[in-house]
Amino acid sequence: MIPGNRMLMVVLLCQVLLGGASHASLIPETGKKKVAEIQGHAGGRRSGQSHELLRDFEATLLQMFGLRRRPQPSKSAVIPDYMRDLYRLQSGEEEEEEQIRSIDLEYPERPTSRANTVRSFHHEEHLEDIPGTSENSAFRFFFNLSSIPENEVISSAELRLFREQVDQGPDWEQGFHRINIYEVMKPPAEVVPGHLITRLLDTRLVHHNVTRWETFDVSPAVLRWTREKQPNYGLAIEVTHLHQTRTHQGQHVRISRSLPQGNGDWAQLRPLLVTFGHDGRGHALTRRRRAKRSPKHHPQRARKKNKNCRRHSLYVDFSDVGWNDWIVAPPGYQAFYCHGDCPFPLADHLNSTNHAIVQTLVNSVNSSIPKACCVPTELSAISMLYLDEYDKVVLKNYQEMVVEGCGCR
């Protein structure tokens with residue numbers, strides 16, 4: 001069974017096992033009577049068997065998601081606005097401009113062209129001043145990337161820093177500062193104090209009268225840590241101000257929470273490390289433009305009582321199976337399913353293969369040979385934004401999740 005169909009089977013069976021009228025809408029009409037019969041015959045055995053089957057189905061789904069166990073998100077888990085916006089842009093929802101929080105957000109076409117998974121990491125709260133630098137102008141901090149699976153190949157990574165406008169002093173409009181990003185090559189304990197061994201990863205000269213996010217390429221460091229299995233000693237940020245006094249050093253690049261700032265605001269402004277990787281399954285993320293679906297016109301669809309093979313509506317709601325606590329978006333999706341007859345002779349619009357035509361022809365003279373079956377002939381992917389078992393936010397592309405076309409095969 002292909003991964004997409006297996007996913008749908010897991011979702012449907014879980015909802016059948018959970019029972020209740022609220023789940024009936026997800027079961028095709030042709031299957032409701034059969035479900036009722038199964039539930040009736042099961043009797044007292046239903047509870048124990050259902051629990052065991054549900055556990056097995058959930059394990060299958062988690063394995064497909066690349067998760068070792070079911071995520072149990074903590075109440076303190078934060079979904080970065082950047083990841084929400086990236087999901088909206090990637091899934092074709094950019095028309096809803098009022099929902100895009102990052103005004104200066106640009107879709108990372110190049111990084112996503114070789115990735116089907118995007119992960120985000122906040123830095124550890126503890127910061128270390130780097131000795132030998134001017135007051136509060138350089139810090140060393142750490143991102144824990146141990147949750148990245150072994151089979152995921154990282155292709156690129158970026159560090160996002162939020163900087164605020166500073167309007168102090170008469171010459172602030174002419175002020176510039178340079179932001180340098182370094183990889184720490186040796187831990188501080190192994191080097192002479194004041195002489196931290198680093199290598200420059202990226203640098204930028206920016207005007208300090210603008211409030212915005214800045215993105216830096218830290219791919220060389222992350223590739224060393226993940227591909228080459230080199231020790232991760234963290235990153236260092238250095239802010240060098242031009243045309244400004246020392247009293248303003250480090251004030252407008254946000255790498256730590258200010259005292260008057262609430263936890264909610266700081267959670268969205270913290271430095272964010274974003275990795276782009278591929279687990280070897282499926283295609284890379286591709287930006288989709290939302291378009292109104294216009295179902296292909298088929299003459300038989302105009303007749304309500306037509307029973308020929310076609311696509312039917314099937315909405316999968318993650319809240320019905322209790323997965324909405326760790327699946328951030330979408331809340332559900334239209335999966336569709338294929339159902340209907342494959343009559344002889346097969347019409348062109350039934351999207352049949354030569355084999356299906358021959359099989360249907362033989363069936364017309366020999367009923368022991370089954371008819372061709374109504375099955376999906378075209379499937380598409382969906383993107384999912386979720387929290388993994390380590391409370392890390394993941395955006396991933398899953399193939400073969402939506403039926404786009406049906407046919408007799």
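Even glycines carry a Cβ here, placed using N, Cα and C.
In Swiss-Prot this protein carries:
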- 1-19: signal peptide (SIGNAL)
- Ser91: phosphoserine (MOD_RES)
- Asn144: N-linked glycosylation site (CARBOHYD)
- Asn209: N-linked glycosylation site (CARBOHYD)
- 284-308: region 'Disordered' (REGION)
- Cys309-Cys374: disulfide bond (DISULFID)
- Cys338-Cys406: disulfide bond (DISULFID)
- Cys342-Cys408: disulfide bond (DISULFID)
- Asn351: N-linked glycosylation site (CARBOHYD)
- Asn366: N-linked glycosylation site (CARBOHYD)
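Annotated features taken from Swiss-Prot, shown on the structure.
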residue: Ser91; record: phosphoserine; CB count, 10 Å: 21
residue: Asn209; record: N-linked glycosylation site; CB count, 10 Å: 14
residue: Cys309; record: disulfide bond; CB count, 10 Å: 27
residue: Cys338; record: disulfide bond; CB count, 10 Å: 20
residue: Cys342; record: disulfide bond; CB count, 10 Å: 24
residue: Asn351; record: N-linked glycosylation site; CB count, 10 Å: 19
residue: Asn366; record: N-linked glycosylation site; CB count, 10 Å: 8
residue: Cys374; record: disulfide bond; CB count, 10 Å: 21
residue: Cys406; record: disulfide bond; CB count, 10 Å: 23
residue: Cys408; record: disulfide bond; CB count, 10 Å: 26
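Around Asn144 (N-linked glycosylation site), the same-chain residues six or more apart in sequence whose CB sits under 8 Å from its CB are Phe121, Glu124, listed in sequence order. Straight-line distance linking the Cα atoms of Cys406 (disulfide bond) and Ser91 (phosphoserine), rounded to a whole number, equals 23 Å. Mapped onto three states, the DSSP output places Cys374 (disulfide bond) in strand.
When the C-alpha distances from Cys408 (disulfide bond) to the recorded positions Cys309, Cys338, Asn366 are tabulated, the minimum falls on Cys309. According to DSSP, Cys408 (disulfide bond) is assigned to a strand segment.
Using CA atoms as reference points, the recorded positions Ser91, Cys309, Asn351, Asn366 were checked against Cys342 (disulfide bond), and the closest is Cys309. Cα-Cα distance from Asn351 (N-linked glycosylation site) to Cys309 (disulfide bond): 10 Å (rounded to the nearest whole number).
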